[in-house]
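Summarising the annotation, TrEMBL assigns domain 'FMN hydroxy acid dehydrogenase' to 1-359. Per TrEMBL, glyoxylate binding site is recorded for 24, 165, 254, 257. Residues or ranges marked as FMN binding site in TrEMBL: 77, 78, 79, 106, 128, 130, 156, 230, 252, 308, 309. Residues or ranges marked as active site, proton acceptor in TrEMBL: 254.
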C-alpha cells in the first residue's frame with residue numbers, strides 16, 4: 001500500500017515498533033479522553049473557503065525569532081526516539097534540516113545534544129528542558145545546548161510528575177538495555193522498571209515536583225537564548241508567563257499524556273492568543289495529522305504548529321527518508337488547503353476562515 005498520509009504512516013509504524021515502545025509513544029493519560037479530544041477538536045472546526053481569490057502559487061514561509069523557515073510546521077520534542085529507529089533523533093533532525101523546518105530535541109533523548117548538533121551543524125534547533133532536582137545538572141544542560149548552537153530553550157512546565165499512563169504501567173516500561181539516556185551518561189539514572197512504569201519512576205526520582213514560576217525566572221536569568229514555556233492551557237498562566245518575559249508559549253497538553261480531561265490544544269488556543277498573542281509568539285502542538293489541521297491552528301493565531309508522533313511514525317517506517325516524506329505530505333496538504341480556501345500567504349489565514357461546527361447549527 002502506498003503511504004500517502006500521516007495515518008498511513010501511523011498504521012505501518014504500529015506494525016513495526018515493538019509493543020513496549022509503541023504503547024509508550026501512542027498512549028495518553030487516564031482513560032485517554034484528552035487524547036481523543038486532540039483529534040476531535042480539529043474535526044469540530046469548519047473551514048470557510050473564499051472563491052476566486054486569484055494567484056497560482058502560495059508562499060508557506062515564515063519567520064520566528066528572526067529565523068526563516070520553509071513552512072509553519074515543525075517537529076516537537078519526543079523522548080527516546082532510537083526505540084523507533086536506530087538513528088533516532090539524529091535522523092529526525094537531519095530530515096528537518098533538509099526540509100528547512102525546526103527540530104526540537106528532548107532532554108530525555110537517546111542521541112545527545114552534541115550528536116544532534118554535529119549531524120546538523122547549520123540547521124536551527126531548539127532544546128526542550130526539564131527542571132531536575134539537581135539545578136547544577138539542569139543549568140549544564142542549558143549551557144551544553146548553548147555551546148552546541150541550539151537557538152531556544154523550550155521549558156516543559158506541565159510535568160512536575162508524569163501522568164497516569166496505564167499502558168506503561170501494564171508493560172512495566174523500560175528503556176531497552178542497548179539504549180541509554182544520551183544526555184546523562186554517568187550522571188542520571190537510566191529508565192528501568194522497578195515494578196511499575198520505568199519512565200514514571202525515573203521522573204519521580206529525578207525531576208523537581210516543586211516546579212514553580214520562580215524556576216522560569218531562574219532560567220530567564222542565566223540564559224541568553226529565547227525561553228518558551230511549553231504546556232500552557234489557560235489565559236491566566238499565559239499572562240503570568242508573558243509578564244515574566246518569556247519569548248514564546250507552547251499551547252500544549254503534552255500529547256494528552258499528563259492530566260486527562262484537559263482540553264485539546266486547539267480548544268485552548270483562542271483564549272491564549274486573545275490574552276497574550278500580541279506580546280509573545282504562540283505555538284501549538286497536539287493532534288496534528290493533516291494540512292487542514294495546520295490551517296485551522298494558524299487561523300486561530302498560532303505562529304507555528306508542531307507535531308511529535310507523526311515524525312516517530314515516519315522514522316519507524318523509513319528513517320530519515322520517512323520523516324522527510326511525512327513533512328512533504330503535510331506541506332503539500334497545507335499548500336492545497338490554502339489554494340482551495342483562497343489564501344496565498346500565511347498572513348491571509350485569519351480567524352474568519354475557521355469556525356466551530358456550532359456556527360452552522362445556529363443558522
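Cβ atoms here come from the backbone N, Cα and C positions, even for glycine.
Nobody curates TrEMBL annotations by hand; they come from automatic prediction.
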Residue among the binding-site residues 128, 156, 252 whose Cβ has the most other Cβ atoms within 10 Å: 252
Listed binding-site residues among 79, 128, 156, 309 whose Cα sits within 10 Å of residue 254 (glyoxylate binding site): 156
Pairwise Cα distance for residue 165 (glyoxylate binding site)/residue 79 (FMN binding site) [Å, integer]: 15
Cβ neighbour count within 10 Å of residue 254 (glyoxylate binding site): 26
Residue among binding-site residues 24, 79, 257 with least C-beta crowding, 10 angstrom cut-off: 79
Listed in sequence order, residues not in 24, 165, 254, 257 with Cβ within 8 Å of the centre of the glyoxylate site Cβ atoms: 27, 28, 29, 162, 163, 168, 199, 255, 256, 258
Inter-residue C-alpha distance, residue 79 (FMN binding site) and residue 257 (glyoxylate binding site) (nearest angstrom): 13
Which of 77, 309, the listed binding-site residues, has fewest other Cβ atoms within 10 Å: 309
Span of the glyoxylate site, taken as the largest CA to CA distance across 24, 165, 254, 257 (Å, rounded to a whole number): 13
Max pairwise CA distance, angstrom, over record-listed FMN binders 77, 78, 79, 106, 128, 130, 156, 230, 252, 308, 309: 20
Neighbour tally for residue 165 (glyoxylate binding site), based on other Cβ positions within 10 Å of its Cβ: 23
